[in-house]
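Record features (TrEMBL):
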- 12-228: domain 'Yip1' (DOMAIN)
- 31-49: transmembrane segment (TRANSMEM)
- 92-113: transmembrane segment (TRANSMEM)
- 125-148: transmembrane segment (TRANSMEM)
- 178-200: transmembrane segment (TRANSMEM)
- 212-229: transmembrane segment (TRANSMEM)
């Protein structure tokens with residue numbers, strides 16, 4: 001049964017199995033979800049930086065450069081002061097590039113899983129992966145809500161990681177060997193993994209358990225290796 005793009009955008013949150021069953025036979029659907037992910041992420045990061053003072057941005061960046069020499073810190077300070085007005089744009093563009101790389105890599109992984117089912121092309125898995133990343137929209141809307149309800153525009157730069165394992169549970173200090181690892185490990189990944197598992201179950205006719213293991217594997221492998229090397 002065909003679904004409108006509006007129904008699809010709703011179903012990814014409330015009835016994902018229905019959506020993936022439909023996408024299986026209608027693989028050429030709109031890339032509007034990708035546009036939404038990119039647009040909302042881009043806008044939220046620009047919004048985040050828009051009200052920050054240059055002094056605050058310099059202070060925040062200096063906190064992350066405590067191991068550098070005084071001369072290097074001074075050079076960094078000058079650079080940040082000169083480029084402060086463009087940091088939001090740089091952050092937003094970097095986020096878009098990161099998002100596209102992650103989606104492309106996961107798409108390749110899912111394509112490998114379907115080697116026995118050649119009817120699914122890479123572009124089909126790219127669209128599939130985009131849908132599994134739709135929790136990003138909710139995450140970024142939550143981020144914007146935190147910014148809007150704050151009583152100051154000078155917010156800590158790691159607010160963007162508000163749902164990270166570190167900020168929710170571990171509270172590791174900056175400088176800890178696993179700080180960046182814990183700040184990057186986002187609890188919203190669980191939602192994306194669950195969507196991927198439901199999608200693999202639908203498209204590849206695998207058991208839910210096997211689908212969940214395969215969906216989680218890229219995340220588990222990445223963060224396990226990272227933790228071991230940290």
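Any Cβ shown, glycine's included, is placed from N, Cα and C.
Here the transmembrane segment (31-49) does not touch the transmembrane segment (178-200). Their Cβ atoms form fewer than 3 pairs under 8 Å, with each pair 6 or more residues apart.
Comparison of 92-113, 125-148, 178-200 by number of C-beta pairs under 8 angstroms to the transmembrane segment (212-229) places 178-200 first. With a cut-off of 8 Å between Cβ atoms, the residues of this chain six or more beyond the transmembrane segment (92-113) that come close are 34, 37-38, 41-42, 45-46, 120-122, 125-126, 128-130, 132-133, 136, 196, 200, 204, 214, 218.
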